[in-house]
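Asker: Supplied in structure tokens, the structure appears directly below.
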Number of protein chains: 2
Amino acid sequence: MENPIILDGRKVAQDVKDRLKPRVEYLKKKGIHPCLATILVGNNPSSATYVRMKGNACERLGIRSKRIHLPEETSTEELLHVIHELNEDHSVHGILLQHPVPAHIDERAAFEAIHIDKDVDGVTSIGFGQTAFQFGRYPSCTPAAIIQILDYYQLPIEGKYAVVVGRSPILGKPVSMMLLNRNATVTTCHSKTKNLPEIVRQADMVVAAVGKPNFIKGEWIKDGAVVLDAGYNEGNIGDADYETCRPRSSAITPVPGGVGPVTISMLLKHTVDAAEAKLAGQTRHVSNA
Amino acid sequence: MENPIILDGRKVAQDVKDRLKPRVEYLKKKGIHPCLATILVGNNPSSATYVRMKGNACERLGIRSKRIHLPEETSTEELLHVIHELNEDHSVHGILLQHPVPAHIDERAAFEAIHIDKDVDGVTSIGFGQTAFQFGRYPSCTPAAIIQILDYYQLPIEGKYAVVVGRSPILGKPVSMMLLNRNATVTTCHSKTKNLPEIVRQADMVVAAVGKPNFIKGEWIKDGAVVLDAGYNEGNIGDADYETCRPRSSAITPVPGGVGPVTISMLLKHTVDAAEAKLAGQTRHVSNA
């Protein structure tokens, strides 16, 4: 293609945040100060950076950021205790546990301990199931960001053939379900996939969610395909090779400035949604609630 | 292919039940009588038949069958009340709500009300999420049956290209996730899919889960593909056109006598698993448990 649309995530994120501002003000008038609790375990520098970015983004929007930093040697039990306290804390509307946690911690147990009503980052199995069954409130933020970008730029999803490269619980699996629920035909690929280039070559829409720098090559991209790069590797490098994918695509997300900023805005939106749900005293049919 | 393997579901189901018998006897010795509660609402004759078949299968294996039949005019609230009572009933290890319920009932709310520890039919969103995240105990029974058949006949899944036609919460979506978790590359298709024949033609493995008689045509099937027909339409007709699909396939499930009998055996297995879990006093990390 001559001039692909460069999908500007900063613009999409700003639009989301502009629409959140009055909602935050209204909540405060009603005496509810939206609050996201972030948990960072250990001293992984990039995790520390991500968590700080998220906390700062909250505060710029008037959302309270309750920042919890636990030492590297924190045990699973200690982390679960902190999460249970935040589940009980009525001043906290959303809980984000920064991934990854140190290897000695049972990360899945920690994610599962987050109450569904505060799972604004969309990491629990019940949240995933509700998203897949189309009554979830807070889908995982990166998949939600990808849908938000497509909708902002009015790129159709229904009837398209989407190939998702990656199958993680917070990215590949939920984005596959969300695209499927929007009536795309979806193939989910992974490290055991044979003939990956041939499969990607058929896609109207490619989601790169594999966590390997420049993994998706331009020659794999069908002319006019939409490329959504959820990768964020060291040195601001995406999972799709931007220079070779861009000229083949009709629209593409850059890295940085693509999916990343929108992901954070989705976290803010879910936190405001959660505070509003509390104001409305909403309850849902949830197993074991 | 000259002689495709006819995947004999009755043989697979018998094998499952033979291995369950001693486990049931052991539980009884320990004073636990495995019990499946079945709920039928209204007078849909085929639903009545299915539920009777399941109850009888339980009793033939020595599993107690607690059969609840509610009138057509039962309200959602009344059904939820019955389910909550069964959740509390320590003599009941599994709960099956026969689908479909009358149109005036909120079926999803009813499914979601089943406690995860008793969701032996695999209908809740949390059960689906746990299955997708690979720590689920009781996947939906038909998807579990399809995997059971593949394993019984030692048909490899890893690295295969699987096309699932259908995206329902108890069939298309969970079987897609289960095949993905066994390292197949999975495409999920549906009514909005374009070029369905071309997609199916690439499949090493086709799961027909669309609910339309003889929908999948032989000319769509790649030579040597494995055809798994989860359809069961009026007059014992599957979703795949058996006469034209059989000669192209390397292995195929007949209808009747294919996926159906194994589905019931999976329900029995999950009920025994649930009774054993109770004996062991097992608990899991479950959101909101």
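Cβ coordinates are placed from backbone N, Cα and C, and glycine is handled just like the others.
OK, TrEMBL features for this one:
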- B:GLY166, B:ARG167, B:SER168: NADP(+) binding site (BINDING)
- B:7-121: domain 'Tetrahydrofolate dehydrogenase/cyclohydrolase catalytic' (DOMAIN)
- B:140-277: domain 'Tetrahydrofolate dehydrogenase/cyclohydrolase NAD(P)-binding' (DOMAIN)
Asker: Near the NADP(+) site, what residues other than B:GLY166, B:ARG167, B:SER168 in the same chain have a C-beta no further than 8 Å from the centroid of the listed C-beta atoms?
Answerer: B:VAL164, B:VAL165, B:PRO169, B:LEU171, B:GLY172, B:LYS173, B:THR188, B:HIS190, B:ALA209, B:VAL210
Asker: Restricting to the domain 'Tetrahydrofolate dehydrogenase/cyclohydrolase NAD(P)-binding' (B:140-277), report the mean pLDDT as a whole number.
Answerer: 97
Asker: At a 10 Å cut-off from the C-beta of B:ARG167 (NADP(+) binding site), count the other C-beta atoms across all protein chains.
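Answerer: A count of 25.
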Asker: Please work out the number of neighbouring Cβ atoms within 10 Å of the Cβ of B:SER168 (NADP(+) binding site), leaving out its own Cβ.
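Answerer: Other Cβ atoms within 10 Å of B:SER168 (NADP(+) binding site): 17.
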Asker: Counting only residues 6+ apart in the same chain, whose Cβ is under 8 Å from the Cβ of B:GLY166 (NADP(+) binding site)?
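Answerer: Non-local contacts for B:GLY166 (NADP(+) binding site): B:GLY172, B:THR188, B:CYS189, B:HIS190, B:VAL207, B:ALA208, B:ALA209, B:VAL210, B:GLY211, B:ALA230, B:ASP239.
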